[in-house]
Amino acid sequence: MTKAPQDTRVIVGMSGGVDSSVAAARLIDAGYQVEGLFMKNWNEDDGTDYCTAREDLLDAMQVAGVLGIELHTANFAEQYWDRVFAHFLAEYKAGRTPNPDILCNKEIKFQAFLDHAITLGADYIATGHYSQVSHTGKAKLLRAVDTNKDQTYFLHAVDYQKFDRTLFPLGDLEKPEVRRIAEQKGFDNHKKKDSTGICFIGERRFKDFLEQYLPAQPGSIEDDHGNVIGQHDGLMYYTLGQRQGLGIGGLASASEAPWYVAKKDLERNVLIAVQGTDHPLLYSRVLNSAPMQWVALEAPALPARLTAKTRYRQPDQGCTVSDAGEGRVTVTFDEPQRAVTPGQSVVFYDGPVCLGGAVIEETA
């Protein structure tokens, strides 16, 4: 699109948080026609707003009032359940540890929200994500200036065509500057904590939440020699590298070193734990992925030397990426990686450019 800003209508996904609020303010300052949209993605049915949806809506309304813009609302809870939450449960049932934020971006924020915004007459949508997009030629997903807050890890699965109609107004800002702008603008949320964790779980214990939807299957915990050293409550409640909550201690044959989850044996319903943070079973050098989702739908020539992350905010890790057939890749890291977790995502970078990623299927 080549419209001038004053002729360009942008609908900002406003969560009630400081980031999306400042995103809207920056677009107004740049001369765009701006409206907000508050989306509700989870219908609480237990009488408690774990998602703090009502508080968040009030915060978004306060900001919209200060900015003098219209605030739309939309309920995407049905789409969220069908496209995100059902997959989340299926992955946990299969013993993997999914990342629903990645799927939420792909299916809700950059699909359902974008489609709805277009029906409202938007030329673009905008969000408070810390990311940048190059709109020269084919859209490229670029890291944010604030590398500590960069969220390209969570955006890698979004179809690149969606970025042609997306603006990221915070991509060139550091977080402290965002809070300063919010305070300067008179936003009540300028000191509001960043949201953490999964919205629909909120402050509840993860185990308490998950057992509402999936029946637990308790079983044995074994050490790396096959000795039974405890009992687990259900494999789905544990993630690789986890230390807390194992209930192992005081074994006469063991040292005082802490125990960590090293593996899940799904066939036997056994959790395997090892002692010591540097135990070899906690590390892997190679992973195999599910089919890749390249941002530009074009894979680089493989094998390729790239950097990768297997979790958010992890420092870039050097690796060689090789074609494994059927759209999958094999990743060989320069250094062994700790607690690489099936169900999570590996995301690839070439300098500042986020190339894409895939769900981790297995490690070696």
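Cβ from N, Cα, C; glycine included.
Worth saying up front: this structure is predicted, and the values here are computed from it rather than measured.
Listed in Swiss-Prot for this protein:
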BINDING   G13, M14, S15, G16, G17, V18, D19, S20, M39, G128  ATP binding site
ACT_SITE  C104  active site, nucleophile
DISULFID  C104-C199  disulfide bond
SITE      H129  site 'Interaction with tRNA'
ACT_SITE  C199  active site, cysteine persulfide intermediate
SITE      Q344  site 'Interaction with tRNA'
DSSP-derived class (H/G/I helix, E/B strand, else coil) of Q344 (site 'Interaction with tRNA'): strand
Top Cα neighbour of S15 (ATP binding site) in the set of recorded positions C104, H129, Q344: H129
Pairwise CA distance, G13 (ATP binding site) versus Q344 (site 'Interaction with tRNA'), rounded so that it is a whole Å: 26
Entries of G17, D19, M39, Q344 which, being recorded positions, have CA atoms within 10 angstroms of H129 (site 'Interaction with tRNA'): D19
Cα-Cα distance linking M39 (ATP binding site) and C104 (active site, nucleophile), given in Å to the nearest integer: 12
Whole-number Å value for how far Q344 (site 'Interaction with tRNA') lies from D19 (ATP binding site) (Cα to Cα): 25
Packing count at D19 (ATP binding site) (other Cβ atoms within 10 Å of its Cβ): 25
All-chain count of other Cβ atoms within 10 Å of G13 (ATP binding site): 24
Cβ-Cβ neighbours of S15 (ATP binding site) (radius 10 Å): 23
Greatest C-beta neighbour count within 10 angstroms, which of the recorded positions C104, H129, Q344: H129
For G13 (ATP binding site), the three-state class that DSSP assigns: strand
M39 (ATP binding site) CB neighbourhood, other CB atoms within 10 A: 21
Between Q344 (site 'Interaction with tRNA') and M39 (ATP binding site), the C-alpha gap once rounded to whole angstrom: 25
